[in-house]
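Down below is the structure, laid out as structure tokens.
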Amino acid sequence: MALGVKALPFTFVAHVLAIAGAVMVLVWCLYFRGGLAWEASNKSLIFNLHPVLMLIGLIIIGGEAIISYKSLPLTKQVKKLIHLVLHAIALILGIIGVYAAFKYHNESSIANLYSLHSWLGIVIISLYGIQWIYGFVIFFYPGGPTGLRSESLPWHVFFGVFVYVLAVANAAIGFLEKLTFLESSGLAKYGPEALLVNFTAVVTILYGAFVILSVLSLPPVDHHDDFSYSEI
């Protein structure tokens, strides 16, 4: 399915939103929440790694991996390699981000896996890993038979978009959950930090929307390799 319009304008907007989202989550965690740390007496600094790594890694870099097919006028094989590497980076950062949340909970004597956000997070990171491994084996190395690749392709694209949309939705739930905790502890509901968190969630959702719009739009034409996303 394609919208019949060029993807390039959508990818430009997505890039701008990606930069905005990354800056906003860093300002929140570094300025308002006190910084980042792997080991600290203030355990909240450990937690701060979670939103930073999940948004910049799984959502932003993962989104850039998806739209690389529509934003780069390169050959099919180069696009495939970029797609694969960016998704690998997103997955690794996502795993570290999930671990940071567990580490914070364990060192703060907080129960794990009690919320919808945490349940979905485990499901999403697991599906993301399965999707990456399957894509690597079937489409990159050693590569599946032509028939299997053709049959798998629509499902690979659909499953990838599904997992990504789920990740964006869960990120929004995560921002809401954390902000609710902070507000219940005295954070001003209309203060600058609360507004920043809410706007970061909005930017995250908009970024995800433009990633999907890019997927549904027409890629740039490369005369050396007439390629579309559906030819992974």
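Cβ atoms here come from the backbone N, Cα and C positions, even for glycine.
TrEMBL does not curate its annotations; it predicts them automatically.
The domain 'Cytochrome b561' annotation in TrEMBL covers 13-216.
Under 8 Å from some Cβ of the transmembrane segment (12-33) lie the Cβ atoms of residues 44-45, 48, 51-52, 55-56, 59-60, 63-64, 67, 71, 192-193, 196-197, 199-200, 203-204, 206-207, 210-211, 214, all in the same chain and six or more residues away from its ends. Taken from TrEMBL, the feature transmembrane segment covers 12-33 (among others).
According to TrEMBL, the transmembrane segment annotation covers 45-69 (among others). Remote same-chain residues near the transmembrane segment (45-69) are listed as 7, 10-11, 14-15, 18, 21-22, 25-26, 28-29, 33-39, 79, 82-84, 86-87, 89-94, 96-98, 100-101, 103-104, 107, 124-125, 128, 160-161, 164, 167-168, 171, 174-175, 178, 200, 204, 207-208, 211, 214-215, 219, 227-229, 232 (criterion: CB distance under 8 Å, separation of at least six residues from the stretch ends).
If you look up TrEMBL, you'll see 81-102 (among others) marked as transmembrane segment.
Residues or ranges marked as transmembrane segment in TrEMBL: 114-141 (among others).
If you look up TrEMBL, you'll see 153-176 (among others) marked as transmembrane segment.
What TrEMBL lists as transmembrane segment is 196-218 (among others). Same-chain residues lying 6 or more positions outside the transmembrane segment (196-218) and placing a CB less than 8 Å from one of its CB atoms are 1-7, 10-11, 13-14, 17-18, 20-21, 24-25, 27-28, 32, 55, 59-60, 63, 66-67, 70-71, 157, 161, 164-165, 168, 171-172, 175-176, 178-179, 182, 228-229.
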